[in-house]
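Visitor: Dropping a structure here in structure tokens format, bear with me for questions.
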Amino acid sequence: MVHHSGSIQSFKQQKGMNISKSEIAKETSLKPSRRSLPCLAQSYAYSKSLSQSTSLFQSFESESQAPTSVTSISADKAEQVNPEEEGKDSVLKCSFADLSDFCLALGKDKDYMDESEHANYDRSRLIKDFVPKNNSEPKSRLPKNDMNYIASSGLLFKDGKKRIDYILVYRKSNIQYDKRNTFEKNLRAEGLMLEKEPAVANPDIMFIKIHIPWDTLCKYAERLNIRMPFRKKCYYTDRRSKSMGRVQKYFRRIKKWMSQNPMVLDKSAFPDLEESDCYTGPFSRARIHHFIINNKDTFFSNATRSRIVYHMLQHTKYENGISKVGICKLINNGSYIAAFPPHEGAYKSSQPIKTHGPQNNRHLLYERWARWGMWYKHQPLDLIRLYFGEKIGLYFAWLGWYTGMLIPAAIVGLCVFFYGIFTMNASQVSQEICKATEVFMCPLCDKNCSLQRLNESCIYAKVTYLFDNGGTVFFAIFMAIWATVFLEFWKRRRSTLTYTWDLIEWEEEEETLRPQFEAKYYKMERVNPISGKPEPHQPSSDKVTRLLVSISGIFFMISLVITAVFAVVVYRLVVMEQFASFKWNFIKQHWQFATSAAAVCINFVIIMALNLAYEKIAYLLTNLEYPRTESEWENSFALKMFLFQFVNLNSSIFYIAFFLGRFVGHPGKYNKLFNRWRLEECHPSGCLIDLCLQMGVIMFLKQIWNNFMELGYPLIQNWWSRHKIKRGIQDASIPQWENDWNLQPMNIHGLMDEYLEMVLQFGFTTIFVAAFPLAPLLALLNNIIEIRLDAYKFVTQWRRPLPARATDIGIWYGILEGIGILAVITNAFVIAITSDYIPRFVYEYKYGPCANHFEYRESCLTGYVNNSLSFFDLSELGVGKSGYCRYRDYRGPPWSSKPYEFTLQYWHILAARLAFIIVFEHLVFGIKSFIAYLIPDVPKNLYDRIRREKYLVQEMMYEAELEHLQQQRRKSGHPVHHEWP
């Protein structure tokens, strides 16, 4: 074993230890493990470069000779610290000398006191100043002292020291002051500090400012298993081959080009989020000296502080009784009217950000993300996560990824559409329809309809060809594969984000129980198999009963949707006779188009009206189930809302795609609804134009309505609130928390509305894309607006939401996978049944001029239109007309032996349709499965990095334990062995 005397200093610097110079001289060097030598060598080089520019260790005036033994500290000694150093950024870097010691001295804050009986520390580990990372390039960043811009924003108590972490709001006129007093008394008993201040604009409004002290933060951070940084990461790479060197040069060129890409953000404008470069572990007060604490005020981020305070608010009683707990219930019964974390300040500044820098993170997010002028820029996901939390950060990451993946889908869909435009006039089917001046179609209604020449539908035939051409099948297959690639690569993107944001070890068992669940089942407990602690338990019989009631409610609402669709169908049957005899000549000539357009608009109004009822019913059904955790509640509520709105939006589309014109019968023997209304037929050019119209109108109107409700409505409400304030008070300084109170609260269901809107759009984009290839393009244009609209809304129009954590997008990923599977099936049926692709295919190779010839040319479809129309004898109608009219079907003519019976060609087409559905589904599902198998969920380099970091953490703990044993031997007077066992 080789000794390395003198290397302990660099070794401890790499470990983040804080010891005095005298202790370094006396300390006996340790020998690191061979397995960790590459990492230690890299750390030694880094610490050596630091020592050239600054001195890492500074001794205290009162401790020129730092003791090596661990001593306990008392309150008297704590007050002997030099008062001149109070308020400076103190640093406590990790020491692995003793895993059981608790380091109490965190800077020179007199307000911090530990209640632990074993609170002791090694004063030699304290240093005075933080050594910043030596960056050669200047970096524009937020003020280094986080308290500076907090003070400038007014987010402090009246003493100017304690920061505001949360805000409660109530009305003085509310009579439930006993509940508030008990609640606030219990909050103080839990360790929170409260301060009341009346509103400036409304004397009836009272604000309660909440501050969580350091010792309370530490206690609850340990209780909630919050992971905090404890050591800088060291990266290690093996030597690469020469071929890999050439590949790296190629990627460097691409990276250099990407740096010049105008869509890439200027990273120098954003703060250096150094916590992502540290190993993290669950916070522990007994091992607090292991964590990198540069400043107590900024060690826990604003998001973490707000999350801890919210946890305390949710689990604090306001009356005697197990169910009388939580701020949510107090808001519901009117004791408080709001509870929210404050924004970090104003989002606008009178000084330009380029010259004076950002005032706070909110200002930076507005200037570099939420402004409409930044629509082409990438999103600052790390800063979004820092300000709003991981859950909202993942939403914007998913939305950005979805929008980017829509670009190739929109390009291919546009190419298919333009292919239809360029080949429209050359289409044999369109030419035959436009030239059929002597072909008369049978009346499409009983009373007011007359014979119609086939060439009158020339325009409809050409428009139909835009969406039903040779590229339709290719595009349907492409979109099915695209959906799989999108989801598989999103899993890779999500794994990278969860690693970067330190969510790898964050598991669901760390999530706390909902207060409603605890209050309902507190008498029935069982031991948690993960934690080994007793907790409330919902019996299986009770859970099954509640689920059955909930499922019954879901089916009832779905049946209500189907009833509404049936009502719209009846409306179409009744009104088509009226439009056929309308006074306006345009509507009379295009009565089918007018009927479809009016039905679409009425259907959209019904959809939006039913959505309001669905939300309330889904909320009641979800609460009836008593979910165990917030994630379970959100997943259950999201699933119900998706089922309701998916059926609500798509039921009419499914009717048009698969039922319209399928069961009408034939002339002389039409099927009628209730023996009164004749069923609606498709246009002579087919039903696909009705499907395109239905999808386009609903998709367009819904996006406009959603954008208005997301931004327009909050803008109007906030404008009115500011207008009332200006009328009621003049020249007064409104504090930040009151400005936040005047903003609109985030939706009570969180991100559910945002995800639901995008997932429903994903359904429109994939499920019926064979009938509407422009859907990806419309979705792309909408999402470019949606990203900035949501950003502007979160930053400027909404109160700051609670920064929640999450590792993925929840149940929405499973819903997206289900939509991808359904899209393959529906597109197969749309191509086989709704479009004329299969009838043309059968005619071309079986009945046309190219039958039995394995070659393709445009003339192979010559005579297709005449072949697809059947004959009917007008004299059978008994209206005094003679001759023949034509209708869309494959039935025998009146002069055949079996008039109006299905011909052999009909059965050939039916068999071909079924065969196409089976082949298409198996082919696409096989390709999807193969692609999903080829693309791993976690990138290989990320997988190796995660494994290496776990290995290094084990090495750190092993070395720390050995160092602890050696110190114990020194204390007992035994000789110390300088080699690893």
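Quick reminder: no glycine exception, Cβ is built from N, Cα and C everywhere.
What TrEMBL says about a protein is an automatic prediction, not a curated fact.
The structure displayed is predicted, hence computed values, not measured ones.
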Visitor: Any idea which of 1-34, 511-544 is down as region 'Disordered' in TrEMBL?
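Guide: Range annotated as region 'Disordered' by TrEMBL: 1-34.
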Visitor: Hey, does the transmembrane segment (591-614) touch the transmembrane segment (472-490), meaning at least 3 C-beta pairs closer than 8 angstroms, sequence gap 6 or more?
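Guide: Judged by the Cβ rule, the two regions do not touch, with the required three close pairs absent.
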Visitor: Ranking 591-614, 642-665, 759-781, 906-935 by Cβ pairs under 8 Å to the transmembrane segment (395-422), which is first?
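Guide: The stretch with the most close Cβ contacts to the transmembrane segment (395-422) is 759-781.
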Visitor: Mind looking up the mean pLDDT for the domain 'Anoctamin dimerisation' (157-381) in the predicted model?
Guide: 81
Visitor: Restricting to the same chain and to residues at least six past its boundaries, which positions have a Cβ under 8 Å from a Cβ of the transmembrane segment (759-781)?
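Guide: Distal contacts: 402-403, 406-407, 409-410, 412-414, 416-417, 467-468, 471-473, 475-476, 479-480, 483, 642, 645-646, 649-650, 653, 657, 688, 691-692, 695-696, 699-700, 702-703, 812, 815-816, 819-820, 822-823, 826-827, 830-831, 834-835.
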